[in-house]
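Okay, so here's the structure we're looking at.
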Amino acid sequence: MMELPLCGRGLILSLIFLLLKLSAAEIPLSVQQVPTIVKQSYVQVAFPFDEYFQIECEAKGNPEPIFSWTKDDKPFDLSDPRIIAANNSGTFKIPNEGHISHFQGKYRCFASNRLGTAVSEEIEFIVPGVPKFPKEKIEPIDVEEGDSIVLPCNPPKGLPPLHIYWMNIELEHIEQDERVYMSQRGDLYFANVEENDSRNDYCCFAAFPKLRTIVQKMPMKLTVNSSNSIKQRKPKLLLPPAQMGSLSAKTVLKGDTLLLECFAEGLPTPHIQWSKPGSELPEGRATIEVHEKTLKIENISYQDRGNYRCTANNLLGKASHDFHVTVEEPPRWKKKPQSAVYSTGSSGILLCEAEGEPQPTIKWRLNGLPIEKHPFPGDFMFPREISFTNLLPNHTGVYQCEASNIHGTILANANIDVIDVIPLIKTKNEENYATVVGYSAFLHCEYFASPKATVVWEVADETHPLEGDRYHTHENGTLEIYRTTEEDAGSYSCWVDNAMGKAVITANLDIRNATKLRVSPKNPRIPKSHVLELYCESQCDSHLKHSLKLSWSKDGEAFEMNGTEDGRIVIDGAYLTISNITAEDQGVYSCSAQTSLDSTSEKTQVTVLGVPDPPGNLHLSERQNRSVRLSWEAGDDHNSKISEYIVEFEGNREEPGKWEELTRVQGEETDVVLSLAPYVRYQFRVTAVNEVGRSHASLPSDHHETPPAAPDKNPQNIRVQASQPKEMIIKWEPLKSMEQNGPGLEYKVSWKPQGAPEEWEEEIVTNHTLRVMTPTVYAPYDVKVQAINQLGSSPDPQPVTLYSGEDYPSTAPVIQRVDVMNSTLVKVTWSSIPKETVHGLLRGYQINWWKTKSLLDGRTHPKEVNILRFSGQRNSGMVPSLDPFSEFHLTVLAYNSKGAGPESEPYIFQTPEGVPEQPSFLKVIKVDKDTATLSWGLPKKLNGNLTGYLLQYQIINDTYELGELNEINVTTPSKSSWHLSNLNSTTKYKFYLRACTSRGCGKPISEEGATLGEGSKGIRKITEGVNVTQKIHPVEVLVPGAEHIVHLMTKNWGDNDSIFQDVIETRGREYAGLYDDISTQGWFIGLMCAIALLTLILLTICFVKRNRGGKYSVKEKEDLHPDPEVQSAKDETFGEYSDSDEKPLKGSLRSLNRNMQPTESADSLVEYGEGDQSIFNEDGSFIGAYTGAKEKGSVESNGSSTATFPLRA
């Protein structure tokens, strides 16, 4: 080969590197190529417990490679029957059978085809022997006390690592210290022996962990003879041994650990010190171990070269030794030769540089043979590179670069393939890709081509290449589309073209919508101990939902999906819940979404609020008699601004330890001037307030005591209390402890008649009340109360007006007239009593009245006094709620704070007639197809002479729509029934009945009923009802031979619906004999039991359904219609009234409403009752006559009966 001048090599190198960069690509196996070793063994140890030992060598190539081996640079036969070789592979196994030590050596694998040969790195196969100590007889060792001694170990050779232990027969370790030391070779050194060192079982054990073997040296006996004269001596080095002098050399490989040892004998025991002359020991990597006997430096580097010194000292002197450390290094690659693919006629370069200490030598090989045997004209070879010009196919081969020094050899293969082929696209055609809007899309077009090819991407079915700054074609053929949009979706074509031809594939791109997140609430501020719930709302493309995964993190640290801290932090999909939140939970929380195509995250700042820390460092300054300045330092506000400070004090002599609020200060301030009261020993504390709450109080300040002074203020709330006439008990609010200003507090009370020229009467008291007797009743007095103490009195107070005690009024009002407003309301007018007879402050007037008799029947009424009071100065009032058509007595009296005075003379008046109450009941007792008979009862209160009744009726349908209202005047007051004719058949009617007097008609009572169809018989009245709780009830009042209808009803139904009915015929005595024994028949007993069970089930169902409808009060409905006569008097002012027992007045206010809603027809059971109710018990069960009955088995819950059927008489 020729050498090239240095001036031209730079340009060639640049060109060659460019060609390498463009040409270096993995060759598809379908293209012919030289072999490449893809797998190999390095060091193989034959451990005795393995079944076999495998030495690997795998390679690829086209044509398929064949394999051969060398052992210790000599051919190795793979057909040896003692090994097992794999087919089409260079790997072989050595069975662990018998002696395999002859297989130990260094192997190389060669993979060859017709284009070249690849060579593996050296593979060492180690067959370790079984380490053993030699059988020997060790003579006992006798030494004098204080002498030094070395017990040799001489461990056998074996597979590293080697661990040495000194123990006795009981396997107890020989302890090491400054005096006793085991060297790296395993020898046991004694700087000086002692009597207790004597023993006959010193044993050296050698352990080989990789071989799982421990071997023991024969025990040694050491006898230490005691000496009466032990001589001290200065140190003498045993390690390193004396024959090495004061300086020794040590070589260590870079990156390894340097271990230096030093041991000296002497008495007293020498102490070892380590140093590096002219420098410091490497910090962080140098350690001194084993009682200062060894210096250890890890990861040694070239900077660690130089001298290291160990010095042994005792009282008598010292000894030292220097170690000259040299750092060397086995070969390592600086520039490793790279495989490359070239086309015919191109140029190339192979670089190979290695580093090491000593500097490695470089050797080149071609297909495993020295390259000098295969020169090519025009090529140039240098120690570290080979340059090719005008490459031809016969340049194809495997080039090996081998770097060697005394510490090892490394070898690298570089494949040079000179190929001319049309482009081969390795990416599949019609590959589908997807990305999201805004992300980059990568469409792959991996290819192999030689010579170099150009790649052009086009939109499918278009002939021009993609252009623009959003499109970029990478060197490997991949098209990258930046910032994709929905319009980028579609098909693309990749064209690969070189001098040998062209190839094309199509790629399809789909654009998905980007995933979006929204975390709520945004940047929440939450008080400590509350619950925080974050929700991560996500929007994801429908094609990506299957791959969507949400995760939560805090300050960049991910949460576990199953929650943490015993459930305090719980993650449930999109929800993150933190219970009992603490200050440590504050931070930036992030919700992250990951799909198969994109990822995004959304953050929210969680701020945890807490009450402030207490203020600190309270300080008092500017101390004055009545003021002091208090300052403090603010505590941490825990993310919530301090709004104010509360300053409290403690100094109450009566209640020590009680803190009271003194003032409040804005949150921006940290000091305040406090106004103080005299004669108080103050101590202050401060509390901070923010929106979360109050802090704990600060530590108390120093004490500040103010001097005493006269009182500043007088008692407040001066008032009088009197239980007797002419008495005046004066009371006031006493001064608080903080208001007394000094010791010896008393009160000076002064009084005199108001407007009188007399001198003030005075009395000094210590409590807060004073009783004074005056000469007159209810006279005004000027009263003053002044505070005094030992230092003076308070400012002169302003007098207040108080009155002496009252007496009862002494005269009665005179009733001037009583005006009857209507049948229940009168107006009373009276004259006021003279002011001088009130004997106090007039509170008002009181009317007493009572009913004496009824004008309807003339019967007298027992006296029941009613009371009505009118406050203030007035001379008239209204008396409501009187009984109509009655006679009353009425009196008036005055009252003050003491009580009521004498009554006036009784005034007698009468109330006129009123309208009656509603009839007591209204029943339809019989109906036919066009007639109906109604029956009613008298009103409970007639309120006058009854003149007759007003009967009204109208048609109603199932929806309760009302027809035309018909009226009939019943002018006979004594009449209690009426027969209606000319009614429509099979029609439902609603009937209304009012009782009337000369004043008009009263409130109506209503009832519903329905006429029958053609051929039906009328409904008769229910003649008997019983309240039963048993399943069977005998009825003995039925007429023999007659038909009867039996109804079974619940007692709390208000519309008389029956839940069961049947028609029965009673039999006479002539039939009795036919059924005498029927009750004893078994089938009859079973039938009765079945009927009883069915009845019980029906009753239970009906009770449940009925109770679901709720309850209502008839009285509440009646109260909705007040009496029209009372309504007109509401404009007058009524007083407070009660009877003699202070109970409310009896009676209720009602009115007539002719436009009643249909639902008002369902009244209480009492409204359905007839005059004779003796056949019913207190429950009201089976009350009244029925207007109709439900169809058999039907039950409705709206409270009205709409269907009827006939009774069979």
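Glycine is no exception: its Cβ is also placed from the backbone N, Cα and C atoms.
Feature list (source: Swiss-Prot):
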{"type": "SIGNAL", "residues": "1-25", "note": "signal peptide"}
{"type": "DOMAIN", "residues": "35-124", "note": "domain 'Ig-like C2-type 1'"}
{"type": "CARBOHYD", "residues": "Asn87", "note": "N-linked glycosylation site"}
{"type": "DOMAIN", "residues": "128-223", "note": "domain 'Ig-like C2-type 2'"}
{"type": "CARBOHYD", "residues": "Asn225", "note": "N-linked glycosylation site"}
{"type": "DOMAIN", "residues": "235-328", "note": "domain 'Ig-like C2-type 3'"}
{"type": "CARBOHYD", "residues": "Asn299", "note": "N-linked glycosylation site"}
{"type": "DOMAIN", "residues": "331-417", "note": "domain 'Ig-like C2-type 4'"}
{"type": "DOMAIN", "residues": "423-510", "note": "domain 'Ig-like C2-type 5'"}
{"type": "CARBOHYD", "residues": "Asn476", "note": "N-linked glycosylation site"}
{"type": "DOMAIN", "residues": "515-607", "note": "domain 'Ig-like C2-type 6'"}
{"type": "MOTIF", "residues": "555-558", "note": "motif 'DGEA'"}
{"type": "CARBOHYD", "residues": "Asn562", "note": "N-linked glycosylation site"}
{"type": "CARBOHYD", "residues": "Asn580", "note": "N-linked glycosylation site"}
{"type": "DOMAIN", "residues": "614-709", "note": "domain 'Fibronectin type-III 1'"}
{"type": "REGION", "residues": "696-717", "note": "region 'Disordered'"}
{"type": "DOMAIN", "residues": "714-807", "note": "domain 'Fibronectin type-III 2'"}
{"type": "CARBOHYD", "residues": "Asn767", "note": "N-linked glycosylation site"}
{"type": "DOMAIN", "residues": "812-914", "note": "domain 'Fibronectin type-III 3'"}
{"type": "CARBOHYD", "residues": "Asn822", "note": "N-linked glycosylation site"}
{"type": "DOMAIN", "residues": "918-1015", "note": "domain 'Fibronectin type-III 4'"}
{"type": "CARBOHYD", "residues": "Asn945", "note": "N-linked glycosylation site"}
{"type": "CARBOHYD", "residues": "Asn1027", "note": "N-linked glycosylation site"}
{"type": "TRANSMEM", "residues": "1084-1104", "note": "transmembrane segment"}
{"type": "TOPO_DOM", "residues": "1105-1209", "note": "topological domain 'Cytoplasmic'"}
{"type": "COMPBIAS", "residues": "1115-1133", "note": "compositional bias 'Basic and acidic residues'"}
{"type": "REGION", "residues": "1115-1170", "note": "region 'Disordered'"}
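Note: the stretches the domain 'Ig-like C2-type 4' (331-417) and the domain 'Fibronectin type-III 2' (714-807) are not in contact (fewer than 3 CB pairs below 8 A, sequence gap of 6 or more).
Tertiary neighbourhood of the motif 'DGEA' (555-558): same-chain residues 587-588, 590, selected by CB-CB distance under 8 Å and a gap of 6+ residues from either end. In the predicted structure, the domain 'Ig-like C2-type 5' (423-510) carries a mean pLDDT of 94. Spatially, by CA atoms, the glycosylation sites Asn87, Asn225, Asn299, Asn476, Asn580 include one closest to Asn822 (N-linked glycosylation site), and that is Asn580. Remark: of the glycosylation sites Asn225, Asn299, Asn476, Asn767, Asn945, the most isolated position is Asn767 (fewest other Cβ atoms within 10 Å of its Cβ).
Asn299 (N-linked glycosylation site) falls within neither a helix nor a strand when secondary structure is assigned with DSSP, and so counts as coil. Its Cβ taken as reference, Asn580 (N-linked glycosylation site) is surrounded by 12 other Cβ atoms within 10 Å in the chains shown. Contacts of Asn87 (N-linked glycosylation site) defined by a Cβ separation under 8 A and a same-chain sequence distance of 6+ are given as none. The secondary structure of Asn580 (N-linked glycosylation site), as reduced to three states from DSSP, is coil rather than helix or strand. Helix, strand and coil residue tallies for the domain 'Ig-like C2-type 1' (35-124), in that order: 3 helix, 49 strand, 38 coil [DSSP].
If you measure from the Cα atom of Asn476 (N-linked glycosylation site) to that of Asn225 (N-linked glycosylation site), you get 85 Å.
Each residue contributes its Cα atom, and for Asn299 (N-linked glycosylation site) and Asn225 (N-linked glycosylation site) those atoms are 46 Å apart. For Asn945 (N-linked glycosylation site) paired with Asn767 (N-linked glycosylation site), the C-alpha to C-alpha distance reads 72 Å.
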